[in-house]
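For reference, the structure discussed in these notes is given below.
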Amino acid sequence: MAILSPRKTALALAVALSCAWQSPAFAHGGEAHMVPMDKTLQDFGADVQWDDYAQMFTLIKDGAYVKVKPGAKTAIVNGKTLELQVPVVMKDGKAWVSDTFINDVFQSGLDQTFQVEKRPHPLNSLSAAEISAAVAIVKAAADFKPNTRFTEISLREPDKKAVWDFALNGTPVNAPRAADVIMLDGKHVIEAVVDLQNKKVLSWTPIKDAHGMVLLDDFASVQNIINASSEFAEVLKKHGIDDPSKVITTPLTVGYFDGKDGLKQDARLLKVVSYLDVGDGNYWAHPIENLVAVVDLEQKKIIKIEEGPTIPVPMAARPYDGRDRVAPKIKPLDIIEPEGKNYTITGDMIHWQNWDFHLRMNSRVGPILSTVTYNDNGKKRQVMYEGSLGGMIVPYGDPDVGWYFKAYLDSGDYGMGTLTSPIVRGKDAPSNAVLLDETIADYTGTPTTIPRAIAIFERYAGPEYKHQEMGKPNVSTERRELVVRWISTVGNYDYIFDWVFHENGTIGIDAGATGIEAVKGVQAKTMHDPSAKEDTRYGTLIDHNIVGTTHQHIYNFRLDLDVDGENNTLVAMDPEVKPNTAGGPRTSTMQINQYTIDSEQKAAQKFDPGTIRLLSNITKENRMGNPVSYQIIPYAGGTHPVATGAKFAPDEWIYHRLSFMDKQLWVTRYHPTERFPEGKYPNRSIHDTGLGQYAKDDESLDNHDDVVWITTGTTHVARAEEWPIMPTEWAHALLKPWNFFDETPTLGEKKE
């Protein structure tokens, strides 16, 4: 039976009952209480579509796909007939349903997508009640101060071996639920560990020399500071702006330049670049160029205004929401699953085909997939303990006053989980997707539900295999994929992350960038203008008076692979041309040079797509005696030029602070506190506290519990086709079984 949210059901019915009426249609021997269909189902979270040709409603909610005609006594739910107690009734041109319609249809038992969790997984996200409890316990501590804000409240993970024992054998984890709490007391970062079961603070640790994340209320603070500044208002007049209320501010981290930017290292600062709202819905198209305000968040004031030559604000309207366009007419494309989903969701566990994995949301890195296993002919085999975005950076290459500091650590500085963008069915994800709400804590410590935070859907992905033998019947089968999709909007850019599970054991990781380019105002209208060459030194002229500045989107994924067990080894296979010594007319042969990469510093390397890198379990073999392995492919194609490394000189501070950018493969020994490639507190960090630090001690990787980190991404050279809104541009990575199985895994089980 489908388990649906009682809170949502109650809300939908409460709203609907306020405008209900009695119908002569009878249910259970009495008059039915009728409520408006559109309002009731939309408040419940379902999509309502009307097919004028078929004279039929289509209702979509998570795992249920319902078709029903007005007046009919039956509905079709996932391809199966369901008798209705009360038909849909049309009155005054509107559809009405009984107040039992939601329960009758969406809890009919025909949709088996959601199952009851009988044994809570030890990695389940903190519930709203647990978040509130953690905050109450922390606030009761003697050292807590009233104006303290919360950066992150998340599950403190139990011991890894105990979690695997639970996932593989069902052994309960003998540890109380606990929370990690990160706070900001003014500019001071504090970490606390809270025992939720025994309601006490286990540790309280001030963190020295750390700048915390930028929190959502910092955005409002900056806007208020700018609006209240008479000094800034005077500077705006140089740019032809007399009304400061039309100015939109974007608070940005200031980076680190060893004092060469004239900023105090211990101050909590943001740099503010601004845009003019001209009423077209796209203020990004109207940059106020060469104007930067430096705001001190503690003093609540502008401490410095940095200026360059005055550039007129580009004023041409550039809406991207379709207000000035005629929408193309396209016929509907319906994706239906008439017999229901091929996957089930039990609590936070997903089961599809032979895959099982746990899914939870983190306010910094978004979805975390855990205890990933593959059922190989009845044996549950370990593949990955945890996989998630580790971190990312978007560095720009322009040295001008409004650009030189721009290197956005989107997850580490802003929290990409917090900035999750609700997914729109039929646009951001296909109509057959299940959309999951997620709960995190806001900066006040209040539990906040993000609606439609994650989409899960199955899709057709071409042929899995095919062979047409001459004169024989065709042999082929379709490829299916299960996709876990999450979208985060960080300022002008929207990032789409897909975890793609293949039936054949492959896991794809796709990162897509869309949204609005960060653009620079310039003098040139066309490339024939006198200033065009200088104006486009660091970018492309993509509109009159607008340059798209060259930058990079660099993603790093933390992948704690446990290939058939926790102890693994990094193996290299390099195809080589070698002389033919076996005789015959050939002078050369293709051979594989295979060797072990046995330490962390040796493992940190550029990715050569002509070579093979494996994480192998040298203690396990397939039936041919080959060690079971997974291939690591940091870059498996994309639609922009690949980022082969950081486009910065080695003497740049950003290069020293964030070395994860420049190598596509890193492998480190497992340590539970090593989670972020940019380090735990990267904002204004003065040296590398991430992967460069993790690999510094050069620990052995040979037959140990190793963690793989892959860096991938693109160098973004702007083009006109990406303006005023950018089509999604993808970078793809893969984890692929390599002698992990004994044969083609999608052939199916052998007949008895």
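Please read every residue number as a count from 1 along the shown chain.
Placed from the backbone N, Cα and C atoms, the Cβ positions cover glycine too.
Swiss-Prot lists ASP560, ASP562 as binding Mn(2+), and of ASP410, ASP413, ASP702, ASP705 the one it places in that same site is ASP705. Swiss-Prot lists TYR694, ASP697, GLU699 as Ca(2+) 2-binding residues, and of the candidates GLU576, GLU600, GLU621 the one it assigns to that same site is GLU600. Per Swiss-Prot, the Cu cation site holds HIS551, HIS553; the candidate it also names there, chosen from HIS671, HIS687, HIS704, HIS716, is HIS716. Under DSSP, GLU600 (Ca(2+) 2 binding site) is assigned to a helix (H, G or I) in the three-state scheme. Neighbouring residues of the recorded Ca(2+) 1 site, listed in sequence order and excluding ASP560, LEU561, ASP562, ASP705, comprise MET384, TYR385, GLU386, LEU559, VAL563, GLU566, ASN568, TYR670, ASP706, VAL707, VAL708 (Cβ within 8 Å of the Cβ centroid). Apart from GLU600, TYR694, ASP697, GLU699, the residues listed for Ca(2+) 2, the same chain places the Cβ atoms of SER599, GLN601, THR668, ARG669, ALA695, LYS696, ASP698 within 8 Å of the centroid of those Cβ atoms. Counting every protein chain shown, the number of other Cβ atoms lying within 10 Å of the Cβ of ASP562 (Ca(2+) 1 binding site) is 26.
Spacing of TYR408 (substrate binding site) relative to HIS553 (Cu cation binding site) is 10 Å (Cα to Cα, whole number). Those same-chain residues not listed among HIS551, HIS553, HIS716 yet with C-beta within 8 angstroms of the centroid of the Cu cation site C-beta atoms are VAL394, TYR396, ALA513, THR550, GLN552, HIS640, GLY713, THR714, THR715. The Cβ of ASP560 (Ca(2+) 1 binding site) has MET384, TYR385, GLU386, GLY387, TYR670, VAL707, VAL708 as same-chain neighbours under 8 Å, each 6 or more residues away in sequence. The CA atom of LEU561 (Ca(2+) 1 binding site) is located 31 Å away from the CA atom of HIS551 (Cu cation binding site).
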